[in-house]
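Working notes, structure below.
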């Protein structure tokens, strides 16, 4: 791993130099970049080590918390609203699930766009502002609009379309903030590099868990396929998502720091990107991520029915355990960022994958073959999977900081995380 870092850092010198030279010729050299020889403590980028309690870092953590709220809110409501309230047919429900998550498949496109087309010289902050502003508008429309009658096959698709628009908008903002976070993470000294990523994803996971609890508890009446006699309604739920989104626009405007950069010609950008992709370290990581995501996505259509009929899982209990899982996952991310940034990444990835599926196999096969059929066993054992899964997830993101170069942060982070 250390050899790979040295190789990538060496390649980064020529890349930065080529951009600076072109900028100087055009009279647009906003800032003089330092060479790695001048960087302190093994940092990959000039600018000084980030202070995690500074407004710069806290504003980044706030962005990930907001993604946790909105992404978690839209994801968690699929069962209670799409299936329970609107009672859409199975094929429509599956299409809704795909449409609501489609934006995450376009991270590469969004990343390439904000890499190549700065707005007033800024590549990240304007796209974050644009994405969250449009997302806030879509959420406000849902919060104000009459959701329609229960079981409505016409109001349901309209609701899904508005939620999908909000999804595309926050993914646009998420890609820009990923690139911004990566640039700051590359300023971290070698001894602690990876902590900002860990803290960012921990913040996202914590708030994902909180909004999941809100959805499970406040949308659990009979009309939302639950057991309670009360609920806050679709409008009330989306007000909870819309208000923080509007607040986030103000936070971005005031606190988020972005550096001016030269617009790179498309031909130069794609040439440099293609050169980067052909490097052994990069294409191997891309291949691993693709295959890992492909095989991980293979699931059984019987999973929900095993939980419902054999394990007897209740909706509220599933939501509560889901919240516990999110908090455990966040804790694992934080501890890994504190103590695990210099572990052997290959060894860790292999071990965590094997342990995760071993735990899952025990839970599933004991239920399938009627060894233990209890909802708390079926819900509780998989909670332990969050330990190896959390380590696997965050360690897999550390390599992105080592591979990304100045000017292509957006597309690299998007390319290496699209599967997730």
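Placed from the backbone N, Cα and C atoms, the Cβ positions cover glycine too.
TrEMBL: automatically predicted annotations, no manual curation.
Sequence-remote contacts of a segment are chain residues at least 6 beyond its ends whose Cβ falls under 8 Å from one of its Cβ atoms, and for the transmembrane segment (61-86) they are 93, 96-97, 100-101, 128, 132, 135, 139, 147-148, 150-153, 155-156, 159-160, 163, 166-167, 170, 173-174, 177, 181, 199-201, 203-212, 214-216, 219-220, 223-226, 234, 237, 240-241, 244-245, 248, 251-252, 255-256, 315, 319. Positions annotated as transmembrane segment by TrEMBL: 61-86 (among others).
Among residues of the same chain six or more beyond the transmembrane segment (126-144), those with a C-beta under 8 A of the stretch's C-beta atoms are 63, 66, 70, 110, 113-114, 118-120, 159, 162-163, 165-166, 169-177, 180, 234-235, 238-239, 241-242, 245-246, 248-249, 252-253, 256. Taken from TrEMBL, the feature transmembrane segment covers 126-144 (among others).
Feature annotation from TrEMBL assigns transmembrane segment to 156-173 (among others).
Beyond its flanks by at least six residues, the transmembrane segment (232-256) meets 55-56, 58-60, 62-63, 66, 69-70, 73-74, 77, 81, 85, 124-125, 128-129, 132-133, 135-136, 139-140, 142-145, 147, 159, 170, 180, 211, 214-215, 218-219 of its own chain at Cβ-Cβ distances under 8 Å. Marked as transmembrane segment by TrEMBL: 232-256 (among others).
Annotation source TrEMBL lists transmembrane segment at 281-308 (among others).
Sequence annotations record features per position, and here TrEMBL assigns transmembrane segment to 320-339 (among others).
TrEMBL lists 345-369 (among others) with the feature transmembrane segment.
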Remote residues contacting the transmembrane segment (156-173) - C-beta distance under 8 A, at least 6 residues beyond either end
63, 66-67, 70-71, 74, 81-82, 86, 88, 92, 96, 99-104, 106-107, 110, 127-128, 130-132, 134-135, 138-139, 141-142, 145, 147-148, 234, 245
